[in-house]
Amino acid sequence: MTELTLPLRGLIARPLRTLLTILGIALAVAGFVALTGLTAGVQHSFASGIDENGADLVVSQRGAFNLVSSTVPRSLGSGLSAVPDVEAVSGVLLNITTADDAANIVMAGWPAGSFLWNDMHLLAGRIPAPGDQWPVILGESIATALDKRVGDTVELQFQPYQIVGIASFSSVLNQNSAIVPLEGLQQLLSREDVFTLYEVRLKRPLDKNDVAVARTRLMAAAPGFEVGDTEQFANSIRIFDLLQAIAQTISLAVMAMASVAVANTLLMAVNERTFEIGVLAALGWSPRRILRLILIEGVFMSAAGGVIGIILGALAMEMAAKTKFAAGLIVPYLSGWSIVQALIFVFIAGPLGALYPAWRATRLLPADALRRI
Amino acid sequence: MSLLVELSNVGRDFDSGRIVAVDDVSLAIEDDETVAIVGRSGSGKSTILNLVCGLDRPTRGEVRFEGRAVNGRAAWAAVRASRIGIVFQNFFLLQSLSAGENIEVALLGNLGGARQRRIRALELLAHFGLAERATLRPAELSGGERQRLAIARALANRPKLLVADEPTGSLDVQTSQSVMSIIGNVHREFGTAVIVVTHDEEVAALCGRRVEISDGRIRSDSRVAAISTPTPASRTR
C-alpha cells in the first residue's frame with residue numbers, strides 16, 4: 001500500500017461521480033484544445049497555403065487586421081522587382097467568400113504570367129487563357145465537396161465563374177480555394193491598383209543568409225510595409241491575436257468551471273468521508289497528509305480529464321474542420337505547446353478546486369469527524 | 001515508571017457552553033498503568049478519552065503528554081502517530097481497504113517503504129491470528145476478528161499508550177473475554193499503558209486503576225491491582 005492507494009480507492013468507490021467530474025474536466029480541456037488549436041490552425045493554414053505557391057517572402061500591410069484587409073499598392077512592385085536578390089514578384093488579391101452559397105472559400109486573384117502559376121499541379125483542365133470569360137481553377141477538395149468538374153459553373157462573389165481547371169495542392173487552404181485572374185477579382189471587389197500582398201520569389205540557390213539579406217533589402221524598398229516569410233506574415237495578422245485572445249478567454253472560463261466541478265465533487269467526497277478522515281486523523285495522519293490525500297484525488301481526476309480532453313479536443317477539431325462551411329478555413333492543429341498549456345491549466349485548475357475541500361478536511365477535529373457516522 | 005498523560009483542570013463545553021461535558025478534571029496516568037474510566041452513558045468518560053489522545057480540544061485546562069503540553073492538530077497527530085494507539089467500540093476500520101491495508105494505513109509516514117509496512121502488517125496479523133484474513137475487507141470479518149484487527153492497527157506503531165473506547169461494547173460475551181485478554185497481554189508483553197473506557201464493571205475490574213466519572217467530573221479514583229486476564233468462569237453477562 002502506498003500513499004496513492006487510498007485516493008484511488010476513494011475515486012473508484014464513487015465511480016459515477018468520479019466519471020462525471022473527469023468528463024467535466026475533459027470537456028473543458030477539449031474546449032481549450034479545440035479553440036486554440038483551430039485558431040492556430042487557421043493561422044498555420046494561411047501560412048502554408050501562401051508558402052506552397054513558391055514564394056519565399058511576403059510583403060504586406062504592417063499590422064493588417066485580417067488576411068483580406070491588407071492593402072499593398074501596385075506601385076510598390078517595381079521597387080521590389082529591382083532588389084538584386086529577387087527573381088520575381090507577384091501581387092495577389094485575396095478574398096473570402098461563399099461558393100454557390102454552399103461553402104466558405106478563399107478566392108485568390110493571380111496576375112497572368114505570374115510565377116505562381118508555374119508550380120500548379122493540374123489534375124484536370126488548364127490554366128486560364130486570354131479571352132476566357134471569368135475562368136477559375138478550383139482546388140481538388142472544394143471541387144469534390146461541391147461536385148464540380150471542368151466546364152461547370154460556380155458562383156463566386158455573386159459572379160458565375162467557368163471552371164477551367166482543377167488543381168491539387170498540399171495545403172488545406174489551397175485545396176479549398178478558387179484561383180482566378182487578378183483583374184476580374186479586382187474589378188469585383190473594386191480594388192483596382194491594389195493587392196492584398198506581394199509574394200516574392202528569390203533567386204536560386206538560396207540559403208538562410210540569402211533570405212535574411214533579401215528581407216533587409218526588401219524592407220528598404222518597401223518602407224512602412226511588413227516583409228517576412230509566410231509564417232511571419234501569418235503571425236503579423238492581428239485578427240489571429242484577437243482569435244487567440246477570445247479562444248484563451250473562453251478556455252479560461254471553461255477551465256474555471258471545471259475547477260468548480262472538481263471543488264464540488266471533492267467537497268461532497270470530503271463531507272461523505274468525514275468519518276474516514278476522522279479515522280485517519282485518529283491514526284495520527286497529520287493535517288498536511290490529509291490535505292495531500294484530497295489533493296491527490298483532485299490531481300488524479302485532472303490528469304485523467306486532461307488526457308481524455310486532449311483526445312476529445314483533437315477529435316472535435318477534426319470534426320469541425322470537416323464541416324462544409326469550415327473546410328479549408330479551419331484546419332486541425334494540435335501542437336505540443338497547446339498540449340502543454342492544456343496540461344498546465346489542468347494541473348492548476350484541478351488542485352485549485354481540491355484545495356478548499358482539502359483545507360476543510362484538515363480543519364475537522366477527529367472527535368467531531370468520528371461523531372458523524 | 002514515569003508520567004505519561006496529565007490532564008490539569010480540563011473542561012470541555014459544547015453548544016457554546018450550554019453543555020458542560022467535562023468539568024475541571026485533573027488526572028495523571030503513569031506509563032505502566034492500566035486504567036478503567038467508568039461511568040454511565042453520557043457521563044463524559046469518552047470525552048475525557050478524546051481529550052487524552054487529542055481527538056478533541058479542551059475548552060479549559062491543559063493536556064500534557066510525556067511532560068510536554070501538546071497544542072494544535074499537527075502536534076497531536078504526531079503524538080498519536082508514534083505514541084498512542086486507539087481502539088474504538090465500532091472498530092472504525094476503513095471498508096475500502098483490506099485487513100492488511102488497514103494496518104498499513106496507520107504505518108504510512110511512520111515506517112518508510114511499502115515492503116516494510118507490508119511485513120509489519122503481516123507480523124501483526126499473524127500475532128492476532130489473522131494471517132489468513134490479510135486480503136479480506138472488514139465487512140468479510142467477524143466482530144471478534146474486526147476488533148482484533150482494530151487492536152492490531154492500534155499497535156502498529158508500537159505505542160506507549162493504548163486507549164480503548166468501549167472495546168467490548170459491540171461484542172458477545174466470549175469475544176469480549178478474548179478481546180480483554182488480548183488487551184491484557186498487550187500491557188504485559190509490550191509494557192504499553194492502557195486506558196479503557198467502559199460502562200462494564202467486569203471489564204473495569206480487569207484494570208489496575210478505576211476512575212469513575214459522573215456529570216463530567218471525577219467522582220472516585222482508586223488503584224486496585226495489576227491487570228488480570230479474564231477466564232471464562234470469571235465473566236457472565
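Any Cβ shown, glycine's included, is placed from N, Cα and C.
Under the heading domain 'MacB-like periplasmic core', TrEMBL lists A:18-209.
The domain 'ABC3 transporter permease C-terminal' feature in TrEMBL is assigned to A:250-364. Residues of the domain 'ABC3 transporter permease C-terminal' (A:250-364) grouped by DSSP class, helix first, strand second and coil last, total 96 helix, 0 strand, 19 coil.
Within its own chain, the transmembrane segment (A:20-42) has Cβ neighbours under 8 Å at 240, 243-244, 246-248, 250-251, 254-255, 257-258, 261-262, 265, 301-302, 304-306, 308-310, 312-314, 316-317, 320-321, 329-335, 338-339, 341-342, 345-346, 349-350, counting only residues six or more beyond its boundaries. What TrEMBL records for A:20-42 (among others) is transmembrane segment.
Marked as transmembrane segment by TrEMBL: A:245-270 (among others).
Annotation source TrEMBL lists transmembrane segment at A:290-317 (among others).
Under the heading transmembrane segment, TrEMBL lists A:329-356 (among others).
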Given the model, what does the mean pLDDT over the domain 'MacB-like periplasmic core' (A:18-209) come out as?
89
